[in-house]
Each structure stands twice: as structure tokens, then as C-alpha cells.
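Chemist: This is the structure I have questions about; it appears just below.
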Amino acid sequence: MRLINYSCDLSKALRLLIATFVGFVMHQNCLAIDGQKKQFLATYCSDCHTGSSAEAGLEIESLSTTLTDAGTFAVWERIYDRVNAGEMPPKDAEQPTSTNRLDFQRLLHLQLSETHRQSKGTVLRRLNRREYENTLNDIFGTNLNLEEMLPEDGRSHEFDNVGSTLGLSMVHMQSYIDAMSQVLDAAIAKTVDKPTENHIEASYKGSGEGDKFIGKVWKELSDGSVVRFEGGGYPSGMMRGSGVREPGRYKVKVNGYAYRSETPITFSVGGTSFQRGSEKPTYGYFSFKPGTPENSPQSIEFEAWIESNYMIEIEPYGISDPNRYKRENVDEYQGPGLAIHSVILDGPLAEEFPSRGHKLIFEGLNRTEIQPGNPKDKLKSWYRPRFEIQSINTQSDVSNSLMRIAEAAFRKPVQKSEIDVYLTLFHSERDKGNSFEDALRTAATAIFCSPRFLFLKETSGQLDDYALASRLSYFLTRTTPDAELLRLAEAGQLSKPDILRQQTERLLTDPRFSRFLTDFTEAWLNLREMDFTVPDSSLFPEYDNYLRYSMPLETEAFLQELIAANLPIQNLIKSDFAMLNSRLATHYELPDVAGAKVQKVKLPANHLRGGLLTQASILKVSANGTNSSPVVRGVWVMERILGETPSPPPPGIPGVEPDIRGASTLRELLDKHRSLANCQPCHNVIDPPGFALESFNPIGGYRERYRSLGEGERVNKQVNGRGVRYRLGPEVDPSGQLADGRNFDNYLEFRELLASKPEILARAFTEKLLTFATGRELGFSDREEIDIIVGQCADSNYGMKDLLHQAISSDIFQQK
């Protein structure tokens, strides 16, 4: 961990001098290696960086000077950073005078800045899969999983919304056409009248499962409730009578209580289907307090989108000794269980009928039902209405419809001339014999497959108010601008600083801000890889679905709290609170927290938890399912928290493989690896954060010794009624030394060192925010403005909301 200060340590006068000289820089592709630079490199760099044995593979004499080449630019940028940080020349080598060092930095800074300034700018940026799905669902009032229909998006480092990586192919176009077909099918009304909501009441009693398992592994109570003593196994908690026929949003109510339990019992409610390979969504985790058949059942309620032919599945969690009831008569078993009385579903909830998408297409058109030849057919269960559109002035009616559709798609007003091509397409479809409605569907599909919809149109220079509305909306709500943003854009008001700040505050409290929390943490912190590996159940038997479900919720809630309360940036590393539910509190060995809902919990003084680095989600994605690696976790901290990208390993150097027998620690193996001359410089920087985090296992639990399935001390412990198989191996050594020479003995000491440089944390966080917000990777010429943004927030100790507001008010955000 270098904790590089990228501010260049240049005085304001020197910055002004650089700005003055920019206009005189030669606009050529090659770096001018003048006598001054040559002398600096020859004097202070050539001893280590010449010939075939050049350190880190950097050979000065053969180094290209073509800065327009990305690889070459990166090398010179790294040279600049190492010199600026005082790392090069190394402390035991001859040192340049402060004047020589500053002159070298100034000249190199000037040319790197100008080269990047000429090439930067957000390229024409396509909506990524998540943005595309959100936008169509919000415009049409649907709830479709469109993301999985589209090709995988490219990534630039951790972000999948960077324009330069978001290409467009014929495969994309066909996918967009198919997706629009599904959207229109879902949005367009199939009936004349508002559909009636179905009322479904179900229970385990009297169901196929109930007849089979009550009296054997399930217990029926006097009030009709059925008690289950185990979850996650066979038989499952599928409730056949709760199946729905029509997809849609349903209100779900579960009635029950914790039976013969002194504490609340947590359970999951999800969906399941008989279709092989179908997804099994979890709608949430909930808790029932202790109760009896004589007391009224407790209830939990929620709304969820349920697909057709899905039914409710309920699974209790954390019941102690869940297998004992199998060894006894279930009716005489005295252990705790989850009593479920009934499940009630109402839906699909038709809050809008017809849907907003239906209105978008057909408003103002005379769409009527075609009456069947036999009126009695309408009473038959198989009857499905057919419709036709009658128009006296087709040109005007279709033009009005397409104008409305295009404005929704293009995120700004359109001229009539801009829809001529779609109007022509409509008439072409009609000439082929297609119906009015089908022709209109084709034209609408073309609009939503056009570049004006698929790409965020931004002209070079200052963004106009409509482009600013789109950038702000896709940043904070991950979807198209809403009516208020577009109204302000039309009035030319959105770009006014006070109005922009008000709108930012509004969007931060919008329910759709949860999308930002999910998407940003998935990218920035790599939480999209939560399921990339599955923890070994023999090594980590305590890992379960409830813990997996809770992990990202903690991180998202934590970031939301930091921003909402404008807490200082140091809280990213060191906070006196955590966002926990009952499962996370148990996992972290903290006092009980009631319920499944994540809530703010005050931590004991100097507790290991608090901050991002010790959250289970972070510790899981920075490890694999078996072991952790100081290198992987060290790189994670450098890239995600400090904003530094380490150099790739030299070619021909093998990686370090863990000893799964537990005979040697990875640290011992790394010590041998670090002894290699080509490996030591980078590992001196990368490894220390990883060493500190060795106090936490791959699922985020605290440890003082490693677990193994080979050698080691046996463990007398049970998890879920079963003895554990793992053994305790060598002791963890979380000590280390930072590249600047500061030592730490454990994670708490490391945390203090990391939190002692808040301006570096603020700078890295701001860079990540703006990369995500603008859809482009920031570069060398953006550094000074990042410094300005960070400096403006110093008085609030780099408050997280202040950083976000200053980022949005910056030229980086408001310009292309």
C-alpha cells in the first residue's frame, strides 16, 4: 500500500505556469526526451533499468515515447507517479535535488496532461444491460428480466458502463428486437376491462405434501397450523395450493408463529416451480415471535413479482438440533419449530390499467374489441379478445403516437421530421397487409432499437440540460429521466447549481436509488462476483443461504448510511457502527440483533468490525471458496479503496498456490516468492493489506488459526446438529510493514494506518464515482480537478454526500 498522493505537490503558481505552457506544447505523438529528461533518466534510473536484467521489466533505453499508445502512456504515467511519490530513485540510491525532481515532474506532467486531454471524453455510450432493462420496464410499466436476453457487456476494469467497452453487433440488435417483442406483449392490454385480482388462500393442511408428511415429519396443531422442524432439506416447504396462473405483482401474507421456541424463528419466503432448471427467487427473510395455537397467528406482508406457475416456498432457518425430531415421534417432539397457518395471495395487482406502456402507444387511438361471431364465446374460459384500431386520419393519429413514443425513448422533445422514417415504416407494414396495431408495434420496436434510444446522446463540451438530466438520472437511479427532470431541462433550469443540487437530493431519497447502491457496489467493490465461488461446506459449514442473502444488503445499507448522513470518508475504513441483521450479528459474534431487517447497530469500542474491509461480502469476493490470498486481497484494497492499479506480474513467474493440506501457510510460501528480485518491489506494496486481512476467513468470519481438511487439531464443535469436519491448522500472522516503512501487528493497527490518510480515500472514491457517473475511465488530465473536488470537501472531513455533490457539480460530470 503506497498511499500515493497524486496532487503532484505543485504550488498554485506552478499549476498556473503549467496551464500557461499547455498552449505551446507541440501537438505531436511522441514524448520529447530533451536533454534535461535524458540526464535525469541516465543519472538516476539507468543503473537499475537498463539491459536484459532491468528491474520490473522496465528498460529505459528501449522505452517507446509514443504517448498516443495506451501501453506506453501507462508506463510513463507510472514513472511519473513513482518519482512523484519519492519511491524512485529508491532511498538507498543517489537522489536528485528537489529542483531536478520538480523540473522532471513538471515537464512530464505537462506532456502527459496534454496528451490525455486531447484524447479524453466520453465516447458515444450505449445503455448497458441493466440500464436497458430498467429503462424499458419503467417506460412500459413491466417487470421483465431483459438483462439475461442480451449479450454480456464489456468491462473497463471493474465497470460495465464505460462507453469504450460497450460495442454494438447484429447479435445485440436481434436481442433488442426480441426483448421489445416481450415488452410489448406484456404491456399491451389483452382485455377490455381491468382484470380482477385473484384471491388465493393456501396452507400445508390438506395439500399433497400435508397428506404425505403430517404425522411423520410435520406436525398439525389444533388451530390448523402445520409445524416444520427443519428447513432446506426434504421435504421442502413448497405449498402447492399457493400457485399463481398469471404473472404479476402480488400481495403476499404469511400467518404463523414460532412454536415451542423461546426466541423468534427466522424463515425465508421464496418462489418455486415444477419446471426443471427454473430460478427460485427469494422474496425475503422474516421472523415470527413465539406463539401458541390459542393466540392469534402473527402475520408478515410484502409485495413481490411472481411468475406464472410459481408457488410459495417457506423454509425455517436456524432451528437447533433439526434432526432430533426424526428420531422421535413427531407428535411428542418438544423441540422448536415454525408453525405456518396459512398463506394468502392477492393479485396480480393492477394498479395501472391499462399499463403506462399501453397508454404510451395507443392513447388517442380508437382501439376496440372485435366481437366474436357467437356472443356466447365470450363466456368460455378459452376466449381471448381480439382488437382492431379504427382511424379516420391515419397519418395524424400515427404521427401523434410515434411522436409520443419517440420522446419517451429519446429522453427529450423531437421534431416531426425525426419520426418520418418510422412513419414510413408503419405505412410499409400496412402495405404488406399487416394490421394497424402490428404495424404500430413494428414502428415502436424500431424506435426502441434506434441509436437515439440505445445510446446516450451527448455533444462535445458542456452538456445541455437534457443530456445533464440523462446523466444524472442514469447515475443515481439507473434509468431514464423522470418527468420532473425533463420539465426542468425543458425550462433550462436543471443546469443551475441550486436546482441541480435540489434534484440530486431528491434522487438520493427516491426508491430507485437502491439501484445505484446495488449497481455501484457490484462494480466498485466487485460484489457481482458474490456467487463466483461457493464456500467449501466441509471447511465452512456455517455458510448458508441466509448469510449469503444478507451479505450484499449489509454493504448497500452501509454505503447508503454514509451518504445519507454525510459521514466522513474515514468511515469507509473505520466506523463505530455496522449495518446488521440477526444472521450477520451471529456471524460476527456480536450481541443478538432482532429480525431479518438490516439495521444500524452501535459497535463496542475498538471492535474489529466497522468499515467496508471486514464486511462478509468484501471478504468473500476477495477470496475463493476454500482459502484467502494476501495477494488477491491486497490487490483488491489497492484497486478498489486506494485507486491504484498494480503492475501485472513479470512473464514466466509462476503464481503461489496454497497448501490445502494446511502444512504451510500462504504467507510462508509468499516469503519465498517475494525473495525473487523481480517480485519483491510489487509485493512490498501489494501484500501488507492482504496480510492484515488474513484475520478473516473466506466467508468473513474472524480467525486466529487457519482451517484445513488435512493436518491439524481436531475441533469439537457442531453446526446444524452435525460435528464439523475441519481441523485447526497454523496460526494466522496478520502483521506487516507498509511500503513507507510503517509497521502493524494486527488488523486494528493496519486500519489506523489506512484511515490516517483520508484525502487519499476521498480521491479514490471520487474517481470511482465519476467513472461510474460519466461512463468513461478518468485519466491523467483529470487529476487536478479531482484534487479540487476533494479539497472542497476537506472542511467536512470529506463527507460522503459532499463528495457526491461536488462530483456532480464538476466539469468532469457536466462536460463531455
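In case you wondered, yes, glycine gets a Cβ from its N, Cα and C as well.
Note that this is a predicted model, so its numbers are computed, not measured.
Per TrEMBL, the features are:
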type	residues	note
DOMAIN	45-92	domain 'Cytochrome C Planctomycete-type'
DOMAIN	125-189	domain 'DUF1587'
DOMAIN	401-458	domain 'DUF1595'
DOMAIN	463-590	domain 'DUF1592'
DOMAIN	609-705	domain 'DUF1588'
DOMAIN	740-813	domain 'DUF1585'
Chemist: Counting CB pairs under 8 Å, which listed stretch among 45-92, 125-189, 401-458 touches the domain 'DUF1585' (740-813) the most?
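Modeler: It is 125-189 that shares the most Cβ pairs under 8 Å with the domain 'DUF1585' (740-813).
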Chemist: Counting each residue once, how many in the domain 'DUF1585' (740-813) are helix, strand and coil under DSSP?
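Modeler: Tallied per class, the domain 'DUF1585' (740-813) gives 54 helix, 3 strand, 17 coil.
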Chemist: From the DSSP assignment alone, can you count helix, strand and coil residues within the domain 'DUF1595' (401-458)?
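Modeler: The counts are 42 helix, 2 strand, 14 coil.
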Chemist: Calculate the per-residue pLDDT averaged over the domain 'DUF1588' (609-705) and state the result as an integer.
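Modeler: Taking every residue of the domain 'DUF1588' (609-705) together, the mean pLDDT is 81.
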Chemist: For the domain 'Cytochrome C Planctomycete-type' (45-92), give the DSSP counts of helix residues, strand residues and coil residues.
Modeler: 18 helix, 1 strand, 29 coil
